[in-house]
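A.B. asks: Feature annotation from TrEMBL assigns active site, proton donor to Lys62. Residues annotated as substrate binding site in TrEMBL: Asp12, Lys33, 60-69, Thr124, Arg186, Gln195, 215-216. Under the heading domain 'Orotidine 5'-phosphate decarboxylase', TrEMBL lists 6-231.
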Amino acid sequence: MTTADRVIVPLDVASEAEAIALVQTLPAVTFWKVGLELFVSSGPGILSYLKDQGKRIFLDLKFHDIPNTLAGACRTAAGYGVDLITVHAPAGKTALQMAQQAAVAAATAAGLSSPNLIAVTLLTSLDARSLAFELKVSLELSDYALQMALLAQESGLAGVVCSPHEAALLRRTCGDDFLLVCPGVRPEWATQGDQRRVMTPAQAIVAGASYLVIGRPITAAPDPEAAFNRICQELAAS
Ligand SMILES: O=c1ccn([C@@H]2O[C@H](COP(=O)(O)O)[C@@H](O)[C@H]2O)c(=O)[nH]1
């Protein structure tokens, strides 16, 4: 896997036409993320387009529901032949286990590779203050993220979405095979926006991230291709 293959770029746009234009602007990107805005506006058509282009797909719809509903959503999502699917860890162990089983069964029945289910530990737009005072969680942020990661691992999931800030702790505790997919990644030259727990791409990789999710520093740059290349060069040089 090259450095570029470890960078997942989100298609956070409002239409399939804009998404396709972005994919064509960035031919070197091999791994794309389809999230809520695009999927709600345009449905699964973009997934077929990306597969036809030979791209890997992270379907980031962050499912969070009761076990039966979560399993149903993951069963359907697995049928699209995507590589990564997100659920929220606080859905709980029964829901995570049923989701994992449903995804594997659906992929197997369709003759597809099983997708990796990964659980969001704590959104990277939240900080210790929001965890304590808005969500009323009394654990330290790093401990909360760790507990959510362990819940995901015990439930049979392949990994988690976490901030680079927690990546080293989760890597040490959950082992080398556990996927750590990290948004909240900002090169020195990019603005933080609504992200709170950020690190640079190189710092995130050193901390143990398997994949980096980097959106606006690339997609909102005046020259997205130059921004993507600059990130890959900075990673290669680190
Ligand atoms: O905790 C999370 C989970 C998912 N995301 C998603 O990642 C990208 C980040 O985009 P940027 O433009 O680089 O901020 C975005 O699609 C989020 O939905 C996250 O940021 N944090």
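Cβ coordinates come from backbone N, Cα and C, glycine included.
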A.B. asks: Just counting, how many other CB atoms are there within 10 A of the CB of Asp12 (substrate binding site)?
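C.D. replies: Summing over all protein chains shown, Asp12 (substrate binding site) has 19 other Cβ atoms within 10 Å.
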A.B. asks: Which recorded positions from the set Leu61, Lys62, His64, Pro67 come near ligand 1, judged by a Cβ under 6 Å from any of its atoms?
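C.D. replies: The ones that qualify number zero, so the answer is none.
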A.B. asks: Count, for each of the recorded positions Lys62, His64, Gly215, the other C-beta atoms lying within 10 angstroms of its own C-beta, and report the residue with the smallest count.
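C.D. replies: Across Lys62, His64, Gly215, these recorded positions, the one with fewest Cβ atoms within 10 Å is Lys62.
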A.B. asks: Please name the residue among the binding-site residues Leu61, Pro67, Thr124 whose C-beta has the most neighbouring C-beta atoms within 10 angstroms.
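C.D. replies: Of the binding-site residues Leu61, Pro67, Thr124, the most buried by Cβ count within 10 Å is Thr124.
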A.B. asks: I'd like to know the mean pLDDT over the domain 'Orotidine 5'-phosphate decarboxylase' (6-231).
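C.D. replies: Mean per-residue confidence for the domain 'Orotidine 5'-phosphate decarboxylase' (6-231): 98 out of 100.
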A.B. asks: To the nearest Å, how far is the Cα of the residue listed as 'active site, proton donor' from the Cα of Thr124 (substrate binding site)?
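C.D. replies: Their Cα atoms are separated by 13 Å.
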A.B. asks: In DSSP terms, helix, strand or coil for Lys62 (active site, proton donor)?
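C.D. replies: Assignment for Lys62 (active site, proton donor) reads strand.
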